[in-house]
Amino acid sequence: MDKEKRVSEKRAAQSRKEDAALNRVLIWFGAAVVAELILLLLNRYYINATTRPGEIEFQGALLAAFPTILGVTAGGFVLCLVWLLFWRRGGKNIVLPGCLTVAFGILMVIAAVTYRFYASGVQLLCGLVPAIAVLALVYYLYQHEFFAVTVLSALGILGLWLFRKANGGHAAVVYGYMAVTAVVLVAAVLVCRSMQKNGGVLRLGGRSIQVLGRNAGYGMVYLTCGIVAAALAAALILGTAAAYYLIFVMVAWLFVMAVYYTVKLM
């Protein structure tokens, strides 16, 4: 009886854990739907404004209001973040300040990117929003090593897209992004190597955090770092035409990894 009770309690705990993960995924997808709707409205009435009555006036008014919108959303983000941190330290429920922090953060990013990069910025965000929602799904429902593979692959795909889209322009942004990605790749290799030696434990400032399981596989993470680095280097050497085809190579690699980790999950 005791054994059956323990098994039943273990199943109930696992079920609660799965329900909590699913709820978090649904929250992320809900936020993504709202953000995507805002972007579609911006694309229609700000980027592609027509000569219909009121549309040109709305476009001009929104352009003039963007600095104010940026200030308000940035201020709201900082205040809500401070609120979130104080409540977290006090052990209070952080759902409300957390949601407000995310909301102000999303609006701030949308306003900043739209104001700075106009149509290209909105197009980029329209692709990033569903990608972030998918990353949340991977994080909560798959192995954490697949999440690392997905993030690294996404960084590579975004870098290739930026390089191709810029086509010689925005050089500081493109090469700055490439440099940051290179640092992230090196850091990912070093961190994974450290965790591999310590059974999936990451040591930070005297603290030990169990990030991956003791039997986690690191080979695909290392391989992904190499593939992303090679793809970005090839794009820089061969030009924007190569970057276009390399995007499909990276997407195909990510699809293969999704199949691989899905099979492992079964």
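Glycine too: its Cβ is placed from the backbone N, Cα and C atoms.
Just so you know, TrEMBL annotations never went through curation; they're auto-generated.
Counting same-chain residues at least six beyond the ends of the transmembrane segment (21-42), those with a Cβ under 8 angstroms from any Cβ of the stretch are 102-103, 106-107, 110, 114, 122, 125-126, 129-130, 132-133, 136-137, 140-141. The annotation transmembrane segment is assigned in TrEMBL to 21-42 (among others).
Through the fold, the transmembrane segment (62-87) approaches residues 46, 93-94, 97-98, 100-101, 104-105, 107-108, 111-112, 114-115 of its own chain, all at least 6 residues removed from its boundaries and within a Cβ separation under 8 Å. TrEMBL lists 62-87 (among others) with the feature transmembrane segment.
According to TrEMBL, the feature transmembrane segment maps to 94-115 (among others).
Look at TrEMBL and you will find 121-141 (among others) tagged as transmembrane segment. For the transmembrane segment (121-141), the list of distant contacts is 21-22, 24-25, 28-29, 31-32, 35-36, 39-40, 42-43, 46-47, 109-110, 113-115, 147, 150-151, 154, 158, 161-162, 165: same-chain residues at least six beyond its ends, Cβ to Cβ under 8 Å.
Residues or ranges marked as transmembrane segment by TrEMBL: 146-163 (among others).
The feature transmembrane segment is assigned by TrEMBL to 175-195 (among others). With a cut-off of 8 Å between Cβ atoms, the residues of this chain six or more beyond the transmembrane segment (175-195) that come close are 148, 152, 155-156, 158-159, 162-163, 201-203, 211-212, 216, 218, 221-222, 225, 228-229, 232, 236.
According to TrEMBL, the feature transmembrane segment maps to 216-237 (among others). Here the transmembrane segment (216-237) has Cβ contacts under 8 Å with residues 143-146, 148-149, 152-153, 155-156, 159-160, 163-164, 178, 181-182, 185, 188-189, 192-193, 195-196, 200, 243, 246, 249-250, 253, 257, 260 of the same chain, all six or more residues outside its ends.
If you look at the transmembrane segment (243-263), the same-chain residues 6 or more away from its ends with a CB under 8 A from one of its CBs are 142-143, 145-146, 149-150, 153-154, 156-157, 160-161, 163-164, 220, 224, 227-228, 231, 234-235. Positions annotated as transmembrane segment by TrEMBL: 243-263 (among others).
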At a C-beta cut-off of under 8 Å, are there same-chain residues at least 6 beyond the transmembrane segment (146-163) that contact it? List them, or none.
124, 127-128, 131, 134-135, 138-139, 170, 173-174, 177-178, 181, 184-185, 188, 192, 220-221, 224-225, 227-228, 231-232, 235-236, 240, 243, 246-247, 250-251, 253-254, 257-258, 261
